[in-house]
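The transmembrane segment annotation in TrEMBL covers B:21-42, B:77-102, B:114-134, B:161-189, B:210-232, B:270-291. Residues annotated as domain 'ABC transmembrane type-1' in TrEMBL: B:77-288.
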């Protein structure tokens, strides 16, 4: 009898404990992550052209010189941005992380590179500082505020020079429409909000320098900052310069429309130059200009830019010194920098890398920009007090396509910002 | 002469064997399903980013207040309810209708069953991309409409159209399983009752209402609950067909949890949303079971 009771009690205890043991076994350990001895794990953004072979070739000289092995890893989820926090939570984060930036959550998990002499001269190093600490170093910039245009369409529409004011731009859109072109190509998905921000960066940053900080300090609301842009877009949609149906169009279809010569203007970042190069010979010549500025301001305005090919080192790296050495190599070795500048729409001010015609136009815009400014949610110390701004901004920008007024759009983004502060 | 165990001891041994066979399954179920739900419930009262270096901070009902106090979130919950209710009705009507057409086994119907089940074999992500190519502004349908000189239709670029287009696509991708359930249910309808109804001169509709429908009661319950829960979890099709747009008009709760709250590492808020989803699924299931029980009781009292 007593034996039975004892066995039942053991069974009950086992039933209670085993799930927890299983859960503990499945969950993370708190020990250090990283690869085997002498191996550095680097998580990178894998794309069609930045494939595993590209990355392995890039780090080969480092491996030969240091005797360390670099293990290239793609994201386990949708993106590096999604995978890195997941791996941090699971205790399996890589030693070096490429393509994303620190935020309030991830910063405590990263190595401060402020004291590294080699890091100081790298592009946008100070722009990405959080407080006095520097967690990310990069190779160049991805230039955001660019308007690509179809020179043939401009000629047929009788436009001789690229617009530098919003009034000229609106007039040019009208001429392009009359000439039978889609005046401005836009798209749905993330691109709706991105394009509206891209085209408005220079103006916004002239009117409200470091506008993200002004919103954080409650001196400005996002709605106040963007309402003129909402108004401008709404007017263009109303005039048929932007197609309402673009809200349901995929970004790749929008790329295709511009490449096929159907559109006059197309707002995009410097990475679009790689898409154009890949498309081969186009039926028209591509031009690029910096977006217009506000009335009475000097053209060109500040250029929206993000640090390109940023690298960060995980604090739990098994070989932190080796991981730092690898990052130093990637951002300072002349051959490695050159390879990355030629890879995927990455530019560096005053760079002398051999370039295609479109690349050279972008390089000129970057070199002549009076300043490089934070985009979207912001970066480093110039940040909005909310996370998830870009997807919400896209949603609000799309509401202009579906009938919302600019005032409604401004109110919606302010309400969301207040709810999420 | 073989010794026989006393019946009490035999029963106890048999019970021991049964328990030992059940316990592993119960443990796995508890570890993989019950424990995570308990954790989700716990995290829903905390502010936490999911990192082992951070301790979850207890904040009481704050996450639930955020969910119900945000227009964005309440809008998402309304869209989820519309998708679940309208979708479940449409899936089951379509599946039952087709099951009635395909219930006889001949070569054509066997082929028909395979074709009808085919959408369910596709990944929901593929389904979304496929229909994007069909219904998008430059998709197959709109290109054909333009070719014949008609205006294109805003399947994915108008908020209302996009919601109904998405429900249609989800129904298309889901009804295969329900079709199989109904086909199995129809096999179980007593032949003698159907023949008796025929002999009594009942028409097709009368036979369906008086014989087939009551016999399908348990199948309908299972089909409605499973399809309703699948629809509550709608995520993949949203990602690949509409991306939640235009203007957030197709954002479901599951999409918000997986594409917004988790990527922002707002584990507490995401857990609160997940708990609400679990409660919604429970309410849906219990409501359907309650309605069925009441219908059965009514039928018995009439009988």
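A Cβ is built for glycine as well, from the same backbone N, Cα and C atoms used for every other residue.
Against the transmembrane segment (B:114-134), stretch B:161-189 has more CB pairs under 8 A than any other of B:21-42, B:77-102, B:161-189, B:210-232.
Comparison of B:21-42, B:210-232, B:270-291 by number of C-beta pairs under 8 angstroms to the transmembrane segment (B:77-102) places B:210-232 first.
If you look at the transmembrane segment (B:21-42), the same-chain residues 6 or more away from its ends with a CB under 8 A from one of its CBs are 56, 271, 274-275, 278.
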